[in-house]
Amino acid sequence: MEKELLEQGLNHNRRKFLSRLSLGIGSVALGSLLIPDLFSGKKEAEDSLMRALPHFAPKAKRIIYLFQNGAPSQLETFDYKPLLRTNFGQELPDSIRMGQRLTGMTAGQSSFPLVGSYFDFNQYGQSRAWISSLFPHIASVVDDLCIVKSMHTEAINHDPALTFFQTGAQVGNRPSMGAWLSYGLGSENENLPAFCVLLSRGKGNGQGVYSKLWSNGFLDAKHQGVQFSNSEDPVLYLSDPNGMTRDQRRKMLDQLAAMNDLNYREFNDPQITTKVQQYEMAFRMQTAVPEITDVTKEPDSVVKLYGPDCLVPGTYAANCLLARKLSENGVRFVQLYHQGWDAHDNLPNQMIGQAKDVDQASAALITDLKQRGLLDETLVIWGGEFGRTNYCQGKIAPENYGRDHHPRAFSIFMAGGGVKSGMVYGETDDFGYNITENPVHVHDFQATVMHLMGIDHEKLTYKHLGRRYRLTDVHGHVVKDLIA
Amino acid sequence: MSRFSRSISWLENLLFFWCGLTLILLIGGESLAVPAWLQVAGRLHPLILHFPIVLLIMAVVLLWLGEDQWEKMGRIILLIGANFAGITVVAGLILATEDYEGEALSWHKWLGVLSLGFSVLIYFFIKKLQNSLRLIGSLLAIMLLLTGHFGANLTHGEDFLLAPLLTKEVKTVALEDAEVFRDLVQPIFETKCISCHKEGKIKGELRMDHLEGIQKGGKSGPFILAGNPDQSLLIQRIHLPLENEEHMPPKNKLQLTDDELDILRFWVASGASFEQKVLELSQEEPLFQLASNRFSTEKAYTFEAADSDQIEKLNNFFRKVKPVFPGSPALEVAYFGSSTFDPNALSDLKKVKDQVVKINLNRMPLEEVDLSFLSDFQNLEEIQLNFTGITSAHLKGLSKIKSLRSLAVSGNPLGESGMEELKNLTQVKRLYLWQSGLSADAKNGLKKSLPNTQIDFGFDDQGIIYPLNPPKIDFEEVMFKEKAEVKLSHPIRTVEIRYTLDGSEPDSIRSPVYSQPIALTKTAQIRAKAFAQGWIGSEESKTLLFKEGLKPLSYKLANEPHNRYKAKGATSLFDGVKGKANHTSGDWLGFTDSPMEIEIFLENNQKPKSVELSLLLHEGAYIFPPESVEIWTGSAGKWSKVEIPAPIPPTKIEEVRFGLLAYSLPEGSIDQLRVRLKPIASLPKWHPGAGAKGWVFVDEIVLY
């Protein structure tokens, strides 16, 4: 027995050990074949996410969202309700209102007299969609539009409603739609941010826009919307100070990157790499942005298409033109806001002014994308944060009235990017107050937009504070009827 | 008898017990009424089955070794394993009375029973089988594995084992190829119906595995009445409540989804055709809607994917080469940033010429670039060449790309000769030709030559006339020392800018045309308008530029300016800094209750020829020109008043702007000058603030 133990011990010599070790190494090598990126040193999490997106072939590559901030009235735009004219001044029946809560602005009102549109409606195009006389240009492209008359939302005041539309939640701490898309799909063009924001303001009663609407929320800061201003410097802090040459800037960035790299090696904080990448993108933006904001390279007829206002920086028309240029250059999400739709009084007058601002340029954007063959891959969205009441706020006259906020039914339209064209979806009752057919909730809308971009809205999530968040929270269904 | 041999014989006895039980269950299984507690025992099957597999295979291996010692141990393990096999078979047979049926079940059942039988046989006849022990042992092992495999198929579904190898074979059906019956209806039958309605298992005398069967129907006659879903047995049965005996598929089977219910219903309603293609349905039909959601609109590409490292190498900041979506072999290429465009790098794309389906070269300068290499890209479907400066010569060769579906060449000077090239592109389905220099005749000709192509000529600006925007005036400072350079510009390239410097209104005929920066050597008002063919002339834009004047010895204000608009007192009037167009900017001296009166002391040799007063005008803010202006010159204590006209009062409210009052001074030596501006005492009737006091705002007094 002892002899055997001794033999056993002698057998465990160095040669045996090494030859067995080779087997072990072989198995490691074999195993590593199953995990291709094990030794490549790439950041696994982000890469694998990016490799998997989009989840399926996208219909739209880019989005231009023409947000009509302040909520344009659906009853003076796309939801034709002749009954409201015939029943002018009559009380809104309780059977229609069904206990709908009111804003502080009409809560004290003792009566709710119905009031019809001051503007006439006509049917246009092959779709025979009704559009008010305020929007002759939009009416001329009606067969490219997909009008949704059955939108509804949960909020009744501007800020929560806007925030809800843009971030999927009424409280303002979540990433905006553009930030989610930037996170999910990145930028097509690495020389420009994936998410750009353009602001303009009409003469109508305005409501504020706040940077939280284009916030990155808990996502990486690089997904935040970059605001383009109408000043000499469209992107603030982008141009070099006087006297600094491009070479000097390059050298400075190289030095900075070297120092940041030292820091990165010490702390391994990915934020440092992000920062370096952002500096580099800004450097490339210094040539890319002037190329895009220069309108002099546009042919004259573009000015006639969008209207001469498009040459006045800061107008809605100029922003629409800029949006087309940004989008054409691969910016994933261009978000416009046009303020001034909050017509609590003097509505017909205010609507005339606002419509004049946006009608031609909105239609022009669609035509312009179309004639370049880009409309198929660009989704254009036009609409506000909620609708307006069918009853009058304040003094009532057929040609001068006001409308309060109404979340239960309102209209938006989309065009291009894989939505059906020449379509009118959803219906409201004869009072234009409740949806009677095919309701589309804001979360459904968001899910549909994500779907068009090739994203399953339930799968694009981000873990924050122990919970996985997504744009549609725990709701939303893709409205497949809208998809071509 | 030792305890060991007692246990062995006890186990051997038990073996007979299991075999007997198995026999009973096999014979009477169909009519077995399983009490709940026994059902629990049956459900232990998936747990216990692992023991006999391991133990029996272990026994087979030990017996295989053939050595005496091993064989003994093998026999004991075989005995224990056979017992477990017995328990497993019994439990399995009990479980089988629950909702299991089908081919896999019978294979599993009989192989399981056979394995039990084999193991028992080997155990008892081990001595007699000595010669063929290895062979029979191997047979047992194979049977065990097969039993396990069929069992796994039962719980995890058929082809569970090979699924990872098979999935790649699954073909996605493209919408354009899809047929209603073959690709929508039949798959439902196959997954949900056929297992009971097929050759060998024709329940209800209905066969759904071939067309005749479906058309013929079953025991109750035809089960599909084309166009009449409510009367069709198929539709009736699938819509019955789940509890109903007639409900199909039976309660314990996989049920139809809502979409599948709809598909079957709409299919029957639309005539239950067996040949119709999905695209032949009208777009409004609900069946089309359902179908279009199910089939990919993507084309299935059959070509090989390019090497991913190769693709990676083609990407840089200005060129993106990416699969159309993850996993697709098809690539799309996009170029960004015209100033960094390198035409030589285009040929890199040849490395992926078979994979590129889309290429976007919009706005890249391609005038001098040879695009003929594109004709080798045989899978290219879409080319975007908007505003690239290409001409008809560049289009040669595109007709060789048979797969080309969409071509965007808007904004290029193709002209009539380009049309000849375009006519050859019969394969193209969509053509974008906005701003391509085509005449109306050429457009019509092209439409006729390409009847199957959707051509977008884009926006036509004929007959649309708008006023131009006013030109932009650029300069360094409003107040300049010796000379100033003024630049005029307009965002529209074709405009003509005309301007005047003498204060007259510019017109489109006599005023000089702006061609190069204007050099100013004295104070001037620049007024400019833009004109262009096809446009209404613009509103004017104007601005005042001041030349710096003489520096007086000293000066003194007679009255303090208004408390809120004091600037830096009188010094502000001679500091050479022009105020911004905003009276609150801190550069302006404002007067309303008392006139602005200033005395200026001059050196003898200064001899100013004129005095100019720079004002701010903004009627809306009650800021007007003065009601009256008095200028006195003093020489050796002797004052004389200069004869000057009164300022012209405004007649309407205008935007905020600069104003200028300029007066010549008499010749001769002047050592003192007094200027007195009286604010308007009562605003005119047309003004909203009629009757109120007006304001005068001054920021500079310039002497020349």
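Along the chain as shown, residues are numbered 1 onward.
Cβ coordinates come from backbone N, Cα and C, glycine included.
Remember, it's a predicted structure, so these values are computed and weren't measured experimentally.
Check TrEMBL against the ranges B:107-126, B:287-306 and you find transmembrane segment recorded for B:107-126. A mean pLDDT of 82 is what the model gives for the domain 'Cytochrome c' (B:172-272). Scored on C-beta pairs under 8 angstroms, the neighbour of the transmembrane segment (B:43-64) with the top count among B:76-95, B:107-126, B:133-152 is B:76-95. Taking H, G and I as helix, E and B as strand and the rest as coil, DSSP gives the domain 'Cytochrome c' (B:172-272) the counts 44 helix, 8 strand, 49 coil.
Non-local neighbours of the transmembrane segment (B:76-95) in the same chain are 8, 11-12, 14-15, 17-19, 21-22, 25-26, 29, 32, 34, 38-39, 41-45, 48-49, 51-52, 54-56, 58-59, 62-63, 108-109, 112-113, 115-116, 119-120, 122-123; each lies 6+ residues outside the stretch with a CB under 8 Å from one of its CB atoms.
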